[in-house]
Amino acid sequence: MTDNIHKHRILILDFGSQYTQLVARRVRELGVYCELWAWDVTEAQIREFNPSGIILSGGPESTTEENSPRAPQYVFEAGVPVFGVCYGMQTMAMQLGGHVEGSNEREFGYAQVEVLTDSALIRGIEDSLTADGKPLLDVWMSHGDKVTAIPSDFVTVASTESCPFAIMANEEKRFYGVQFHPEVTHTRQGMRMLERFVRDICQCEALWTPAKIIDDAVARIREQVGDDKVILGLSGGVDSSVTAMLLHRAIGKNLTCVFVDNGLLRLNEAEQVMDMFGDHFGLNIVHVPAEDRFLSALAGENDPEAKRKIIGRVFVEVFDEEALKLEDVKWLAQGTIYPDVIESAASATGKAHVIKSHHNVGGLPKEMKMGLVEPLKELFKDEVRKIGLELGLPYDMLYRHPFPGPGLGVRVLGEVKKEYCDLLRRADAIFIEELRKADLYDKVSQAFTVFLPVRSVGVMGDGRKYDWVVSLRAVETIDFMTAHWAHLPYGFLGRVSNRIINEVNGISRVVYDISGKPPATIEWE
């Protein structure tokens with residue numbers, strides 16, 4: 001019998017902060033299960049979830065506006081600890097009898113918070129001391145409004161020069177509010193504060209660990225599918241690979257993986273997928289060579305969005321055909337992860353909503369009435385990688401840079417041809433190999449090569465030749481929403497360029513993309 005890893009759980013209500021998913025990830029890192037719901041959740045839903053504690057996130061709205069979001073009143077009547085962060089603190093203060101005002105002085109960035117009163121939330125936590133021995137905390141502020149009066153049964157725990165109520169608390173009810181972001185690394189003791197709230201105040205055990213998550217997933221898969229057969233589209237990417245390994249552990253040969261080789265993969269990737277999952281791990285894999293079919297469908301097409309749609313359509317067609325060949329398959333497995341599940345709400349604020357499946361694979365034939373198995377749907381990407389390591393997948397495969405779903409179809413600009421893909425594969429492999437050799441691969445967030453459908457004059461021996469151009473692209477980013485181009489050493493870039501031009505017959509020029517995002521996107525198409 002596996003432990004109930006969902007026994008202790010934190011509910012995070014989202015008011016629209018860009019950091020809300022980070023709050024959830026931090027709670028998970030503490031070994032505690034949590035879910036992220038929209039702020040306009042009902043009392044019945046909260047009761048059914050039965051949280052051990054509730055966190056109210058930050059948000060971009062102003063609590064002083066008439067129709068701004070509010071926490072359900074039941075949050076403060078449920079008898080569990082509540083932790084308000086920024087906007088969450090402000091709405092808590094207002095709803096419980098305090099006062100919030102817009103501030104002329106927007107506080108954004110580092111601040112030092114002076115601790116005035118002892119509190120269970122920060123007891124023994126400090127970054128430095130004042131001259132008279134009071135604890136100081138280095139925190140990250142991001143707010144315009146501020147609490148100007150706290151509810152009558154709260155005490156002021158800490159303040160800054162411009163923010164009189166930086167931390168407030170009602171120790172009896174276990175309600176806490178902070179006017180800064182404990183979830184970001186800039187708040188140096190933020191993780192300790194979250195740990196204090198989740199583990200000590202809410203008394204949650206650290207049950208959410210990779211080994212226990214695997215045991216729980218295996219048990220749930222077996223309970224869901226029994227002795228039925230399951231099909232999975234295996235791409236070799238992180239999510240589908242970890243899904244395959246979990247299902248294989250749970251049901252063994254009752255899993256059939258369909259690997260569609262579309263001719264748009266990286267150098268030797270198809271062989272690596274078959275060797276690793278077929279030969280090494282012993283999974284049941286159907287290898288479908290479909291390069292000609294994909295390239296034929298893409299012939300003559302230059303528009304990036306049209307190319308994406310063609311690749312998606314042909315994949316579904318090929319997968320459907322293979323699925324129909326298998327007998328008695330009752331379940332379709334997908335590598336849906338938790339961020340896929342968090343979707344925009346149809347509520348007034350458009351905040352994150354949960355509980356709706358995001359389907360990665362398109363419509364299966366209507367005659368195939370299959371159930372859906374999504375063993376990763378509670379997990380963030382970093383958790384999926386940790387699970388993969390625990391299941392024996394290699395680190396280099398789990399932590400390699402992102403690769404687009406359409407593959408080289410969007411890294412060959414314009415029309416996609418086999419000749420272009422073959423040249424690009426080899427050039428890209430050289431770039432990645434050199435990054436690894438120079439210990440630069442893990443220092444950049446994403447690196448790849450782009451094929452440009454233009455010929456450039458080159459000199460080879462005593463003759464001139466017109467051959468193709470490729471661009472190297474490497475970026476540094478935290479969230480992939482914005483990115484800086486990576487300042488790779490000139491000597492390194494020269495070495496990569498020389499190797500590509502000398503070793504890949506058909507490429508005469510190598511350029512380096514120095515565009516940031518924005519205005520450019522990370523991928524060229």
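Including glycine, each Cβ sits where the backbone N, Cα and C put it.
According to Swiss-Prot, the feature domain 'Glutamine amidotransferase type-1' maps to 9-207, an assignment based on sequence analysis. Marked as active site, nucleophile by Swiss-Prot: Cys86. Residues or ranges marked as active site by Swiss-Prot on the basis of sequence analysis: His181, Glu183. Look at Swiss-Prot and you will find 208-400 tagged as domain 'GMPS ATP-PPase'. Residues or ranges marked as ATP binding site by Swiss-Prot on the basis of sequence analysis: Ser235, Gly236, Gly237, Val238, Asp239, Ser240, Ser241.
Apart from the site residues Ser235, Gly236, Gly237, Val238, Asp239, Ser240, Ser241, the chain places the Cβ of Leu234, Val242, Thr243, Ala244, Gly335 no farther than 8 Å from the centroid of the site's Cβ atoms, the recorded ATP location.
Checked against Val238 (ATP binding site), the active-site residues Cys86, His181, Glu183 differ in C-alpha distance, with Glu183 being the nearest. Neighbour list (His181 (active site), Cβ cut-off 8 Å, at least 6 residues apart, same chain): Tyr19, Gly58, Val85, Cys86, Val139, Trp140, Met141, Ser142, Thr187, Gly190. With respect to their backbone Cα atoms, Ser241 (ATP binding site) and Glu183 (active site) stand 30 Å from each other. Summarised as a single figure, the pLDDT of the domain 'Glutamine amidotransferase type-1' (9-207) averages 93. Val238 (ATP binding site) counts 23 other C-beta atoms within 10 Å of its own C-beta, drawing on all protein chains shown.
Here the C-alpha separation of Gly236 (ATP binding site) and Glu183 (active site) works out to 32 Å. Note: the Cα of Asp239 (ATP binding site) and the Cα of Glu183 (active site) are spaced 25 Å from each other.
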